[in-house]
Amino acid sequence: MSYFQQAITELIERVKDAKDEATRLVQVLEYKPDFAFIDWLQAQPLFPKFYWQSRDTREEVVALGQLKTFKEPAPAYAYLSGSQRIWGGRSFDGQSAKNPHCPASFFFLPQVELVREEHTWSLVANIVAGSKSCVIKSLQQLRCEVPRLLPLSAHIDHIEHTPTQPEWNRLVEKVLQGIDADEYKKVVLARRTTLGLHSPICAAQLLKSSSEHNQHSFHFMLAQNDRHSFIGSTPERLYYREGKDLYTEALAGTIGRGDNATHDMALANWLTQDSKNLNENQYVVDDIIDRLTPYSDLVEVEPEARLVRLRKVQHLKRSIHAHLNDGVNGVQLLGALQPTAAVAGLPRRESMDFIQQHEPFERSWYAGSMGFISLQRAEFCVAIRSAQVVDDEISLYAGAGIVPGSVAEHEWQELDKKMATLLSLISDQPPLGVAS
């Protein structure tokens, strides 16, 4: 019997012997597991599945099976106990999508979690009243023989942009006309690029490759069954809350990476001094302050935007800290902050109305939020640099903020650069018209 199998056996016995008041049993592992968490997730037969790696890499979690599901996170507070967490996310606009696999909101209290907190590993069983037998059954189904996911290899048969570039140009012009008429300060337009592959792709393979190549990012995956998965590697935090402290950020303003160090530095210097991008970042800062003010007695903002360098792009970022009022919970913060001006625009209602009326596809979970809520903590990332994987079809998503001075062709190229975060991992030779 392997060490990990022994840990499962011991946890099963602890669940059998658990008293009625027990809600979360943690089996600390003495040794690091000899498999990657994403490999382990892929090997397991339990659904739903959720993978999470924090941006600072200090925490990594696989959550499996469901004790309870929630269409909205608020009712979960009646079920949560101690350090239990619900995992999941919300769609961009919180509205039900036509795609049944992308509900407006989906959260679940998992039966089993594999957790790494820095250099401590543990296997966790959650329990609610009457759930012992199903949790034990799920623990017994866990597979300890974990095949290593091989490097991704896929051939793209066809590609489709929604909107097309001519449609994009018309949308950008329409937004700029609205800005001139003082209807908006900013509208974030998005593109869906659908790839038809020669054969089905494993979403976990794509996520594993992305987590290895795209640093300084949250990595997530939500799979409700073995055919449909939503994955992403996003640099943007929606918020992190611990007790009465909340941390969020304005991530807006983008330029690509240079061909060499000198070119890269020149682009970075341009970005940090460009009035269009600095104004776009300030719009997001002002919007977040307005949204947090009713829930906090203090909001502090990093005085100057700093540079965030990713594999394919560079961003402007300002960190924001708020001290929350008594009684404010994670669900209230989710509603207040999502969607931010970085993914929707300003004013929020008017920009979202424009998106819903004119964007030729449903964003669903793209630019929504993914993460967890517990009684004392909550963290969500913004689900950008993301993809929906369904059998042999992948839908990639990216957006660009349209503000005074935006040029449609330049913004289209920015979409290519952002989309390359995942696209470059699928194929070494992306189809013509998409950045590598």
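Any Cβ shown, glycine's included, is placed from N, Cα and C.
No curator has checked TrEMBL annotations; they are predicted automatically.
Feature list (source: TrEMBL):
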- 165-418: domain 'Chorismate-utilising enzyme C-terminal' (DOMAIN)
- Lys186: active site, proton acceptor (ACT_SITE)
- Glu236: active site, proton donor (ACT_SITE)
- Glu280, Glu414: Mg(2+) binding site (BINDING)
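Under DSSP, Lys186 (active site, proton acceptor) is assigned to a strand (E or B) in the three-state scheme.
Averaged across the domain 'Chorismate-utilising enzyme C-terminal' (165-418), the predicted model reaches a pLDDT of 96. In this structure, of the recorded positions Glu236, Glu280, Glu414, the smallest number of CB atoms within 10 A of the CB marks Glu414. According to DSSP, the residue listed as 'active site, proton donor' sits in a coil region rather than a helix or strand.
Sequence-distant neighbours of Lys186 (active site, proton acceptor) (same chain, six or more apart, CB under 8 Å from its CB) are Ile179, Glu280, Tyr283, Ala341, Gly345, Leu346, Ser351, Gly401, Ile402, Val403, listed in sequence order. Reported as a whole number, the C-alpha separation between Glu414 (Mg(2+) binding site) and Glu236 (active site, proton donor) equals 17 Å.
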